[in-house]
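**Q** Summarising the annotation, Swiss-Prot assigns signal peptide to 1-19. As annotated by Swiss-Prot, domain 'Inhibitor I9' applies to 21-124. The feature domain 'Peptidase S8' is assigned by Swiss-Prot to 120-671, with sequence analysis given as support. Look at Swiss-Prot and you will find D160, H234, S596 tagged as active site, charge relay system. Residues or ranges marked as domain 'PA' by Swiss-Prot on the basis of sequence analysis: 397-501. If you look up Swiss-Prot, you'll see N503, N577, N701 marked as N-linked glycosylation site.
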Amino acid sequence: MDIGLRIFVVFVLLVAVTAEVYIVTMEGDPIISYKGGENGFEATAVESDEKIDTSSELVTVYARHLERKHDMILGMLFEEGSYKKLYSYKHLINGFAAHVSPEQAETLRRAPGVRSVDKDWKVRRLTTHTPEFLGLPTDVWPTGGGFDRAGEDIVIGFVDSGIYPHHPSFASHHRLPYGPLPHYKGKCEEDPHTKKSFCNRKIVGAQHFAEAAKAAGAFNPDIDYASPMDGDGHGSHTAAIAAGNNGIPLRMHGYEFGKASGMAPRARIAVYKALYRLFGGFVADVVAAIDQAVHDGVDILSLSVGPNSPPTTTKTTFLNPFDATLLGAVKAGVFVAQAAGNGGPFPKTLVSYSPWITTVAAAIDDRRYKNHLTLGNGKMLAGMGLSPPTRPHRLYTLVSANDVLLDSSVSKYNPSDCQRPEVFNKKLVEGNILLCGYSFNFVVGTASIKKVVATAKHLGAAGFVLVVENVSPGTKFDPVPSAIPGILITDVSKSMDLIDYYNASTSRDWTGRVKSFKAEGSIGDGLAPVLHKSAPQVALFSARGPNTKDFSFQDADLLKPDILAPGYLIWAAWCPNGTDEPNYVGEGFALISGTSMAAPHIAGIAALVKQKHPQWSPAAIKSALMTTSTVIDRAGRLLQAQQYSDTEAVTLVKATPFDYGSGHVNPSAALDPGLIFDAGYEDYLGFLCTTPGISAHEIRNYTNTACNYDMKHPSNFNAPSIAVSHLVGTQTVTRKVTNVAEVEETYTITARMQPSIAIEVNPPAMTLRPGATRTFSVTMTVRSVSGVYSFGEVKLKGSRGHKVRIPVVALGHRR
């Protein structure tokens with residue numbers, strides 16, 4: 001190789017190493033907001049809450065024009081081969097994603113016509129019985145024609161890890177075939193191996209987006225699949241929660257754990273894969289997926305995804321390519337549900353911030369999988385387990401994993417985890433109950449209960465016990481289905497009782513080797529769930545408010561999360577090759593937790609509301625869900641939230657709107673809310689333009705809109721909640737409600753607040769005809785400065801039975 005060629009190769013390698021993905025937004029409106037003005041191109045803008053007519057010649061021509069402009073600026077600035085354009089964004093934002101060097105990114109930043117240049121950043125996943133818990137089969141589905149029609153003709157788009165199309169939760173109906181779906185125009189990719197489409201009548205769209213992942217060197221086609229195939233499990237699970245078929249038998253290991261159903265079992269599924277097994281995803285791919293989903297005509301977007309960290313160039317949480325794209329989606333009439341994040345129970349851990357998004361927190365529902373271990377001394381130890389019992393009226397010998405090793409030298413494998421059957425003496429284990437240790441390896445995923453089950457079965461054990469000897473804050477113990485008797489003892493004191501009994505009953509020689517095993521026990525039946533009334537509760541991991549307006553963590557005048565939905569131990573479809581949860585590798589269903597599971601609950605319920613009220617805006621649907629939610633649990637008490645005590649033990653405390661938003665979703669009430677707090681694109685711009693610290697220049701960069709909208713204070717944004725982060729003296733905020741009932745109704749308005757802040761409403765009552773809109777005001781005055789937020793609510797009680805409630809949060813300051 002001559003010296004010149006060698007230098008060239010080194011130069012190319014350096015460019016490849018230093019190049020990164022950047023998202024560039026341009027001057028000029030995207031399709032959704034272009035009102036004309038460029039020579040030869042007629043307007044394509046839609047009114048607020050209207051879908052884009054992608055079949056229109058005007059849209060097609062303008063889309064080509066935008067893409068040519070993207071190509072032109074790259075071609076003018078850089079030599080061919082020194083960059084790669086990954087996507088053109090045309091529908092919701094005007095811009096593109098490109099793989100360029102930092103120097104080229106700086107050149108773009110200074111180029112005429114460029115609004116912003118953001119370095120791409122990563123996103124992550126935010127990881128049955130709940131239809132009954134939410135009252136869907138008896139109170140909601142019948143209003144839409146039963147489960148056979150629940151969600152009919154509504155398309156839910158999932159930006160996630162793909163789908164396993166062969167699962168029965170996603171099968172086409174033959175008894176009641178689906179009809180045509182003229183408003184949806186998405187396409188279906190083929191499986192590159194089988195050449196079969198990923199779609200059927202249930203799955204109506206399936207595409208994948210991985211250009212940014214490939215450019216970053218993160219994509220592995222062997223495990224990530226260059227297709228909509230789910231290589232993780234997460235995407236199949238979330239799709240089934242929202243829109244999986246009804247009545248699918250949930251069978252594992254020869255046992256049935258009930259029947260699975262989505263919230264809207266007749267809704268159609270559109271798949272936009274942008275998340276992957278090992279690395280999560282990249283915003284450039286996610287934005288492309290959202291842009292395509294709205295272009296295709298989805299009605300609802302379910303996002304169980306959130307940013308790892310903000311882009312370095314972003315000053316505010318509300319303005320970046322991701323949130324700006326979602327603002328465009330909402331302008332096009334698409335309802336967006338996004339997971340709140342799993343950073344709880346600590347404050348300001350949300351990863352979903354903007355007023356146009358419905359941010360969903362996770363609740364624990366009324367189901368627990370409890371079990372017990374009965375010892376030979378008569379003591380009964382509580383634990384958890386999804387397993388059958390040992391034979392009745394019989395005790396089995398207990399043998400510790402460390403006492404039945406073939407060779408003590410295998411201790412380097414951490415044998416007490418019971419992950420490797422070959423290190424144990426089968427003769428000593430067979431017919432007995434194997435005692436294993438629940439170490440930190442289970443927490444980080446290098447050990448799994450599934451492997452404990454496999455080890456115990458291979459050795460012929462009568463069952464197994466997992467003992468927790470110490471626990472750190474945040475350790476999550478979830479029951480895992482087992483084909484053999486098994487139990488997890490999560491209480492450290494109970495574990496010590498078992499260990500003490502075992503040691504006292506076991507005879508050893510002077511070297512410590514066991515001479516005889518005399519400890520005995522039996523495992524109870526853990527297959528059936530135990531229902532309780534202290535539900536719902538806010539899950540420990542669910543991210544908490546207050547919401548933040550910038551990455552200095554200054555509080556925003558907007559309440560988040562918005563609403564609470566089930567997100568703990570949720571049964572739903574899984575893909576056999578999914579690895580997101582090691583306990584469910586190779587399984588068809590999984591029982592997992594996260595705000596990732598809560599968001600599709602709201603997406604599915606929003607589909608039911610959309611089905612009944614097809615003309616409602618995303619804000620109207622959000623309002624209906626929030627104002628009819630409940631802050632009372634099944635026992636009639638105020639909602640509680642899991643929290644850490646001073647000793648770092650998990651305890652329950654009184655929950656606040658920073659935990660649950662407006663409250664726990666009540667689907668049947670959301671179908672008939674009485675009043676709605678509506679908002680549109682101009683209202684969202686008004687919120688941005690009046691939020692302190694956000695410059696008009698930055699707003700124009702991401703929305704191509706001047707700040708001609710002034711609502712005086714961001715707290716005046718017409719949200720179904722009120723948040724004032726800096727209340728000094730007296731402040732009045734206004735809200736506007738619309739009667740969506742079919743009859744005239746008179747509402748009495750009342751308000752209450754914690755003592756440090758006085759609250760008044762005006763007028764105290766108002767009458768609204770069907771379709772009429774009225775305004776009321778809420779005045780708050782600081783009585784005393786406590787340094788903590790005060791919580792309250794405004795209630796509107798209708799003469800015909802409607803009850804509307806919005807939460808109020810305010811932080812008083814001295815003048």
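Each residue, glycine too, has its Cβ placed from N, Cα and C.
How about a rundown of where these features are and what they're close to?
**A** Summarised as a single figure, the pLDDT of the domain 'Peptidase S8' (120-671) averages 88.
Look at D160 (active site, charge relay system): DSSP puts it in a strand. The local packing around D160 (active site, charge relay system), expressed as other Cβ atoms within 10 Å of its Cβ over all shown chains, amounts to 29.
Secondary structure at H234 (active site, charge relay system), as computed by DSSP, is helix.
Annotation note: N503 (N-linked glycosylation site) sits in a helical segment as assigned by DSSP.
Look at N577 (N-linked glycosylation site): DSSP puts it in coil. Within 10 Å of the Cβ of N577 (N-linked glycosylation site) there are 16 other Cβ atoms, across all protein chains.
Cβ neighbour count for S596 (active site, charge relay system): 31 (other Cβ atoms within 10 Å of its Cβ, all protein chains included).
Listed in sequence order, T25, R115, S116, L319 are the same-chain residues at least 6 apart in sequence whose CB falls under 8 Å from the CB of N701 (N-linked glycosylation site).
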**Q** Are any of D160, N503, N577, S596 (the recorded positions) within 10 Å of H234 (active site, charge relay system) when you go C-alpha to C-alpha, and if so which?
**A** D160, S596
**Q** Check the Cα distances from N503 (N-linked glycosylation site) to each of the recorded positions D160, N577, S596 and keep only the ones within 10 Å.
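**A** Of everything listed, nothing lies within 10 Å of N503 (N-linked glycosylation site) (Cα to Cα).
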**Q** Using DSSP, what's the helix, strand and coil tally for the domain 'Inhibitor I9' (21-124)?
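**A** Computed counts for the domain 'Inhibitor I9' (21-124) are 33 helix, 27 strand, 44 coil.
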**Q** Given N577 (N-linked glycosylation site) and D160 (active site, charge relay system), what distance in Å do their CA atoms have, once rounded to a whole number?
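**A** On Cα coordinates alone, these residues lie 16 Å apart.
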**Q** Within 10 Å of the Cβ of H234 (active site, charge relay system), how many other Cβ atoms are there?
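**A** If we count other Cβ atoms within 10 Å of H234 (active site, charge relay system), we arrive at 33.
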**Q** Between S596 (active site, charge relay system) and D160 (active site, charge relay system), what C-alpha distance do you get in Å?
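**A** Per the Cα atoms, S596 (active site, charge relay system) and D160 (active site, charge relay system) stand 10 Å apart.
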